[in-house]
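Everything on this sheet refers to the single structure shown next.
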Amino acid sequence: MAPSDTVKVFARLRPSNPEADGPEDVEGGGGGGTFLTPAALEDSDGCFQAFDCTSGELVYQKPGDGGDGMTFRFDGLFGAGATQGEVYQGAARTIVDGVLQGYNGAILAYGQTGSGKTFSMRGPEASTAPESEIGAIPRALSHLLEERERLSKEENVDVSLCVSYLQIYCEILQDLLAPASTNLSVREATDGRVYVQGLSRVPVHSINQCMEILREGDNHRTVAFTNLNAASSRSHAAVIVHLERREPTVGGERGMLVTSTLTMVDLAGSERVKRSGVQYQKLEESKAINLSLSSLGNCVSALAHERSHIPYRDSKLTRLLSQSLGGNARTAILVTLSPGNDLTSENLSTLRFAQRASRVKVSAVRNETVDYATLYQKAQAEVDRKDDSIHALELEVAKLKSQLTECKAERDAAVDKKTAAEAKFQSAEAGYAASLNALQQTSGEDADGSRAVAAIESVNEKWRSEIDTLQKQHEAQLAELRQRMEKQIHAYKSAAAEASQEHAVAEGELTHEREGYLETLTKYRECREQLQQSEKESAARISELLVEKADYEAKEAELVEALESARKTADISLGKASDMAERVESLESVHREQASQISRDYVSREHVEAMERLFKETVERLTNRLEQLEENVPDRQRGRGSEGTRKILSSIEDPRAAAGGAGGGIRRGVRVEPGGGGAARGIRIEPGRLRAGGGGRGAGAADRRRNF
């Protein structure tokens, strides 16, 4: 198992804008304007009480807050005066070097909108920007290309590079190098590797080609103007570099195929809708960005606390980065911070995310495999070469055999010539013997033998001369034939020995290659069986996923139906709410009219009490006056009107004692209304008069009215 490591976290402070930011209370702060709009630069006081780039420690505290502040410690800090080159060397160079060695790598930029993520990753938008301002992505590509050239020249290593560029816009994956390819899917291979199905890969050979590819992708990326950023990224963008490194065979060891990927992500910035002022489609984009960043934060939190379930599938972003977060990759996160007093606590949220990310463990392994395909091709080429060599040797042997056959034929011809010469020599000897016999026969006729001697000498000389000539010719032909045969035999023996030696060497090499080839085929067969098993497992998994998809689709249909029902209910509720609003408005109008009438008709209790006192005094005066009048009335008439008069006066003194028919007695035009909230109750006076009614026929038919 690979040794575990943690995600490397670095923080960078965006330079302030002197015209908008004002003085800054951060050590190492620098000047330099940014591409931000004035609304994003409205804060004037710094929230960082310490920013130590040497120890990687910073202290966060809002101005006016008590206490010592919160301390955060990361793998590296870059102040406002840090250059692009320093940021790349400190945060990204180690990851890129690991990719060249065969380890997967990831570089992420995280922070609020307008804090400098895109500038740190890509650099200025202008193609004429100075080299010192280019971002981490172009620098990483340039570094990889330079190392490829060096490895090819110095170590004879074949390195190939391919680049992909994509964006995640409102949870839709789009290939920025092939804009027609939208809604791509994130898949997982049998070995656990995560990839984007259908994503194009462009082979690159120079940094100019890489920059052209990046510019083409940027032209298709979604950006927009907001109150916080003049060119706000409305999507997450990822540049993926695919590297393949084929190492040569050294010392009889087989060549290895090393593969790795470098994922460089420029995350869209989190933003508050109230400050950014977005609406309509931009509002939907902001919701999708914040949702995916929230999912990323949930995954980081789950990994930091080593929970059993990591919610990678909550968003396309976390699904794509599942290997980079807690998987087979070396990961570096660059969090970008904005100067100012951080009224909305965006910097604090970013720092807390970075602190959780620094506790995430990763286990990167070197991705190397035996290059069986290349080895098979090389072995097949070597076998073909050996076969060609053996065939050439066989042709040479056939040629030598043909020459040997010719030599044998020449030898047979020479033997035939020798036989003919011997036959001729024997014939000459026979003639010589015949001549000698004839000479002996004639020797008796020659007395002194002079003629015989002369004849013998003449014959002897003749035959001797002919024999010498024949012997010389025979010796010359024999010597020539022997020399030619020796040369042919020597050449044949040399060629045969050389062919035998080469054949033995070729046979040994061929045997070794055949053994390696058989071993390769065995491993290839094992790999094929594993692949078939993986395909079966994948088919089973696909079946399960199809079932899950059907369930999800059914649930989606239910949710859509529920949503439609909810929408209808909402429409009905809106209609009722509209009716209620009209009714409330009508009631408010009536209430206003009643309030106006109350303000006209109602008087305070003090006035009522004053009126009651006046009323009692009046009744007492009337009673006294009546008694005076009765005293002056003659005795015979005194009792006639006194009974009705007293009833009237008694009803005036106590209205509740009135008896008789409807409207009997004297009514006091006072009504007490309950007040609200413990306030004094209002007293309503009926139209300002008192009405006296008859208590029956004996009380009289006339009404007495007294106005106040």
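Every residue, even glycine, has its Cβ placed from backbone N, Cα and C.
As recorded in TrEMBL:
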{"type": "BINDING", "residues": "GLY111, GLN112, THR113, GLY114, SER115, GLY116, LYS117, THR118", "note": "ATP binding site"}
{"type": "COILED", "residues": "376-417", "note": "coiled coil"}
{"type": "COILED", "residues": "453-569", "note": "coiled coil"}
{"type": "COMPBIAS", "residues": "630-646", "note": "compositional bias 'Basic and acidic residues'"}
{"type": "DOMAIN", "residues": "6-360", "note": "domain 'Kinesin motor'"}
{"type": "REGION", "residues": "630-708", "note": "region 'Disordered'"}
Stretch-averaged pLDDT - the domain 'Kinesin motor' (6-360):
79
Around the Cβ of GLY111 (ATP binding site), other Cβ atoms within 10 Å, all chains included, total 26
Of all the binding-site residues given, GLY114, GLY116, which residue's CB has the most CB neighbours within 10 A?
GLY114
